[in-house]
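Chemist: Dumping the structure here so I can ask a few things about it.
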Amino acid sequence: MANIGGSNAVSSAQGSQISDSPTTVDDRLDEHKETSTQSIDHSENITQSPTSLQKPPDESNATPVGFGEDGCQSDSQEYPNSWRLAAIMIGVCLAVFSMALDNTILATAIPKITDQFTSLGDVGWYGSVYPLTNCCLTLVFGKLYTFYSTKWVYLSALAVFEIGSLICGATPSSLGLIIGRAIAGLGSSGIYLGSMIILSQSVPLQKRPLFTSLVGGLYGVAGVAGPLLGGAFTDYVSWRWCFYINPLFGAVTALFILLFFDGKEPIKSPGKIKEQISQFDLIGLFFFLPGMISLLLALQWGGQQYNWQSGRIIGLFVCSICLLSIFIMVQWRQKEKATVTLRMIKNKNVWGASLFNFCITGSFLVFSYYLPVWFQSIKNVSATKSGLMNLPMLLGVILCSIISGYGVGRIGYYTPFMYAAPIVSAIGAGLLSTFQANFGPSQWIGYQALYGIGLGLGLSQPIVVIQAAIPLIDIPSAIAIVTFIQSLGGSVSVSIAQNVFRNELLRGLAQNAPKVDAHKLITAGPTTLRYVVPAELLERVLVAYNSAITHAFYVGAAFSVLAMIGALPIQWISVKGRE
């Protein structure tokens, strides 16, 4: 959700000085004034914890916010007044909501689309091509937001997204739909990233956690609204309105951003044309893009369209490893012109927030995918009703995300919430993995709510970490890295869960119902399960199906636990100034 760290990270750097408490933004301003006569490189960072404050000589930890002239954001900057901020927030929220809606609205429309285009074999592409292009260009947009005006890069990304949506809605063929989804994915990769950057330039740091949580919570709203809107459009109007709705939202966003958001100057001067081209690390991208496409295709196809041991999947993995290895070497040589600089990789706040985001988002997507499958297969409900039965988790995520954002602004620190999120979500995930066919509402409502509360505590925190702990000059690239890793986490976790589900289902069927055609059962899907299984074998098949789903839940639980590893390195930095 997007688009998330924590312990008392006490650095071991030499020549450190000890302080007695965590530092605030104003404390750092005072320190900066006192040392203004000294020559201090802006890339050095002051590491703080509840018990210590250190200034390491290396640049692995970038200086937190609070400085003005040395490249970090200063909270003394002017922000839009209340009514301008309200208009900007409406525009940003509509853009993020339509982008998130595009991930969920298509599911209930696919049967009608495949009937019209007679394109059942293309269904996999409808779902995979959008996140594929979205993930690949996120880091590129990080560079664009660094060297060009935030307003115009954002509006350009929005325009590409809306063009893709219009192509999807107007296309006369399945191929056109796939192309439109790919174009929309390209644009969406700059929308969420740009929305977070607009927030960082429009909202004071202390209030940013709440606003970030509000925007992030829209993913949960889209998770509920998407299938319902998709079903309504498909049944009462046309499936094409699943895509035509996006330009309506986009027009409002474009108008509000044009009128009310000041066009910020580029964070870095792009220089002349030749210098601009060199800053975009074209050599690195030449290896990165095909490497990521190979990896994501292998994760999408493995265990589904093709066996994991097939030559196609193995070839894709080998290709991705080779290309991404070359990309890493290129990044090492490119230094500050790299797509992912060594300074970013070494910064504990960046890699900690990225790892946390990878795990917590991965866990969320596993349960978002398999809880509706459990309701449809085990409880024998429709796709629409399964979405409603999934509300306890989604409402827990939305409400607790907003509450945690408010809490961070009040107490000043995001790290306690990042510690709590893996613990609470792991407990909830563990309870969800005990699901049985005879479980009633008290169990599936309560367990989902607990898990959703845990997720809500942490989902928005990685972006807050970046906004609070990273210099202004590096914020676009840092948010791009965290967002990119988030997308990758969802692809990896769902791929693992699908493989676990498939293997456990095959094992369970062989043990409980060997006469059932396993391949036919898997391709039938959860909603038609009872039509392809003989009545006398249904109970045994449901036992195997329930076991397969709960084993997939184990993957989500494991990702929740692993999120704590990402929380531990995060520095304790207050988002509050001195009152």
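Placed from the backbone N, Cα and C atoms, the Cβ positions cover glycine too.
Straight from Swiss-Prot, here's the annotation block:
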{"type": "COMPBIAS", "residues": "1-24", "note": "compositional bias 'Polar residues'"}
{"type": "REGION", "residues": "1-75", "note": "region 'Disordered'"}
{"type": "COMPBIAS", "residues": "25-35", "note": "compositional bias 'Basic and acidic residues'"}
{"type": "COMPBIAS", "residues": "36-54", "note": "compositional bias 'Polar residues'"}
{"type": "CARBOHYD", "residues": "Asn45", "note": "N-linked glycosylation site"}
{"type": "TRANSMEM", "residues": "121-141", "note": "transmembrane segment"}
{"type": "TRANSMEM", "residues": "159-179", "note": "transmembrane segment"}
{"type": "TRANSMEM", "residues": "183-203", "note": "transmembrane segment"}
{"type": "TRANSMEM", "residues": "214-234", "note": "transmembrane segment"}
{"type": "TRANSMEM", "residues": "241-261", "note": "transmembrane segment"}
{"type": "TRANSMEM", "residues": "282-302", "note": "transmembrane segment"}
{"type": "TRANSMEM", "residues": "310-330", "note": "transmembrane segment"}
{"type": "CARBOHYD", "residues": "Asn380", "note": "N-linked glycosylation site"}
{"type": "TRANSMEM", "residues": "388-408", "note": "transmembrane segment"}
{"type": "TRANSMEM", "residues": "411-431", "note": "transmembrane segment"}
{"type": "TRANSMEM", "residues": "439-459", "note": "transmembrane segment"}
{"type": "TRANSMEM", "residues": "479-501", "note": "transmembrane segment"}
{"type": "TRANSMEM", "residues": "553-573", "note": "transmembrane segment"}
Chemist: Cβ pairs under 8 Å only, please: of the recorded stretches 310-330, 388-408, 439-459, which one is richest in them relative to the transmembrane segment (214-234)?
Modeler: 388-408
Chemist: Please figure out which one of 121-141, 310-330, 479-501 racks up the most CB pairs under 8 Å against the transmembrane segment (553-573).
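Modeler: Per the Cβ count, the answer is 479-501.
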Chemist: Is it possible to get the count of other C-beta atoms within 10 angstroms of the C-beta of Asn380 (N-linked glycosylation site)?
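Modeler: So the number of other Cβ atoms within 10 Å of Asn380 (N-linked glycosylation site) is 13.
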Chemist: Spell out yes or no: are there three or more C-beta pairs under 8 angstroms between the transmembrane segment (388-408) and the transmembrane segment (310-330), with each pair 6 or more apart in sequence?
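Modeler: Result for the transmembrane segment (388-408) with the transmembrane segment (310-330) is no.
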Chemist: Report, as numbers and ranges, every residue of the chain located at least six residues beyond the transmembrane segment (439-459) whose Cβ falls under 8 Å of a Cβ in that stretch; write 'none' if there are none.
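Modeler: Tertiary neighbours of the transmembrane segment (439-459) are 1-4, 216-217, 356, 360-361, 363-364, 367, 371, 389-390, 392-404, 417-418, 420-429, 431-432, 560, 563, 567.
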Chemist: With the transmembrane segment (282-302) as the reference, find which of 121-141, 183-203, 241-261, 479-501 contributes the most Cβ pairs under 8 Å.
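Modeler: Most contacts with the transmembrane segment (282-302): 121-141.
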Chemist: Grab the same-chain neighbours of the transmembrane segment (159-179) for me: Cβ-Cβ under 8 Å, and only residues 6 or more beyond its ends, written as numbers and ranges.
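Modeler: 98-99, 102, 113, 117, 119, 122, 125-126, 129, 185-188, 190-191, 240-244, 246-247, 250, 254.
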Chemist: Cβ under 8 Å, sequence separation of at least 6 from the ends of the transmembrane segment (411-431): give me the contacting residues as numbers and ranges.
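Modeler: The answer is 4-7, 22, 24, 206, 209, 356, 359-360, 363, 367, 404, 446-459, 461, 464-465, 468, 553, 556-557, 560-564, 567, 570, 572-576.
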